[in-house]
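S.K.: Please find one structure pasted underneath; my questions will follow.
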Amino acid sequence: MALYAAAAAVLAAVESRQGSLKGLVYGSNFQNVKQLYALVCETQRYSTVLDAVIASAGLLRAEKKLRPHLAKVLVYELLLGRGFKGRGGRWKPLLDRHQARLKAELARLKVRRGVSQNEDLLEGGSKPGPASQVPRFVRVNTLKTCSEDAVDYFKRQGFSYQGRASSLEDVRALKGKCFLLDSLLPELLVFPARTDLHEHPLYQAGHLILQDKASCLPAMLLAPPPGSHVIDACAAPGNKTSHLAALLKNQGKIFAFDLDAKRLASTATLLARAGVSCCELAEQDFLEVSPSDQRYRQVQYILLDPSCSGSGMLTRQLEEPGTGVPSQERLRALAAFQQRALSHALTFPALRRLVYSTCSLYQEENEDVVRAALQRSPAAFRLAPVLPSWPHRGLGTFPGAEHCLRASPETTLTGGFFTAVLERVEVPSSVSQAEASAPEVTPNPAPKRKKRRRKATAAPSSQPGM
């Protein structure tokens, strides 16, 4: 019940312009922010449909104590979502009384509009595009389990494992309870679009991280070996931080910074659930972190994923309806901050490798930021050529920009994303030449589709470490 009340409160706050949808979700203190975010976004997407059904059914007239925003959330879950499945609290009997009438009104609405599918009821701007076809990517948290055991767990639940994906067509063809192993990341499982795993026991125990494939690229390409010291400059909400910890095998040190106290608290919760023990969180502006501080003298790897327009996020259009494309003034302000952050990161004396990433589609926040940083340090750093087979490259705005990576629902079946890897041309004298070579990224063999029974995965703890 707390989920529905929290979703209703966010919807009411968005309507009264108290903040952006995403900001309000993260500021809600609701523990499972991703579950809340998904519910609010979908309810918002179907808002006009739900209003019409609720009005036609006379639900608010019959139930005086039911507030409009809560009614909208509950009716979404009943008619268009997952159903209550044992949840709903005291409101479930109320909805059960009106269930037949609500379903009938939804059916009449479809007849009047001449459509057969729920999504066909959406207005043009809310209808699903390529983003709706993006699969559910699930990163196996190797601090707690392994891909083989996760695959076996899902197989025992009735899912059909299809092996390693060999092409995007394999991913597009996913449906029902089929799933694949990603072709690039050996710890990434791929399920059909809209597969909901927020209540799956492996997710709740921190064995799985729900993370888009493009969002997994920064940590994978940074590739810090165990024992390294790493800075995660803008860490919240913590998915990339947990990925770094998994690559480090909790050996070494991650210095993670973020200015937003509430988002940092959510990050701490996520990291605790994921079993991360090598991270030091700090509520601090990365721009105020001194490269000469002795605590960071061994930092050789930095992941910089700064605040951006979020224009590549799959649900961005639902966060602030009507805002549209960011103004040139906002883009300039964001790019100026991003340039300062990247230039600052490149001044850390022992730095060998840095990954800069955004979930933005705009050149101003991506290629232009990287070019400006390289122009300030022309002899010290270069763009590293990575993933030559990746299909979507950086815009050709300067020589070498093709080494940058872009991602989109249309070209990579992921969210919109940008990634660039900068590496030092000459290794600092304090770092041995033997350590200077960056590790190669080579996928591990895919778990085999064996028919014989494997040893059962240990059941996840019902009270994961916090």
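Heads up, the Cβ atoms here are built off N, Cα and C, so glycines get one too.
TrEMBL lists these features:
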type: ACT_SITE; residues: Cys359; note: active site, nucleophile
type: BINDING; residues: Cys234, Ala235, Ala236, Pro237, Gly238, Asn239, Lys240, Asp258, Asp285, Asp305; note: S-adenosyl-L-methionine binding site
type: DOMAIN; residues: 126-425; note: domain 'SAM-dependent MTase RsmB/NOP-type'
type: REGION; residues: 429-466; note: region 'Disordered'
S.K.: Mean pLDDT across the domain 'SAM-dependent MTase RsmB/NOP-type' (126-425), rounded to an integer, is what?
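M.R.: Value for the domain 'SAM-dependent MTase RsmB/NOP-type' (126-425), mean pLDDT as a whole number: 93.
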S.K.: The record names Cys234, Ala235, Ala236, Pro237, Gly238, Asn239, Lys240, Asp258, Asp285, Asp305 as the residues that bind S-adenosyl-L-methionine; what is their largest Cα to Cα distance in Å?
M.R.: 19
S.K.: If one measures from the C-alpha of Cys234 (S-adenosyl-L-methionine binding site) to the C-alpha of Cys359 (active site, nucleophile), what distance in angstrom results, rounded to a whole number?
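M.R.: About 13 Å separate the Cα atoms of these two residues.
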S.K.: Reported as an integer number of Å, what is the Cα distance between Asp285 (S-adenosyl-L-methionine binding site) and the residue listed as 'active site, nucleophile'?
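M.R.: Answer for this pair: 20 Å between alpha carbons.
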S.K.: Specify the count of other C-beta atoms within 10 Å of the C-beta of Gly238 (S-adenosyl-L-methionine binding site).
M.R.: 27
S.K.: Measuring Cα to Cα, tell me the gap between Gly238 (S-adenosyl-L-methionine binding site) and Cys359 (active site, nucleophile) in whole angstrom.
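M.R.: A Cα-Cα distance of 15 Å.
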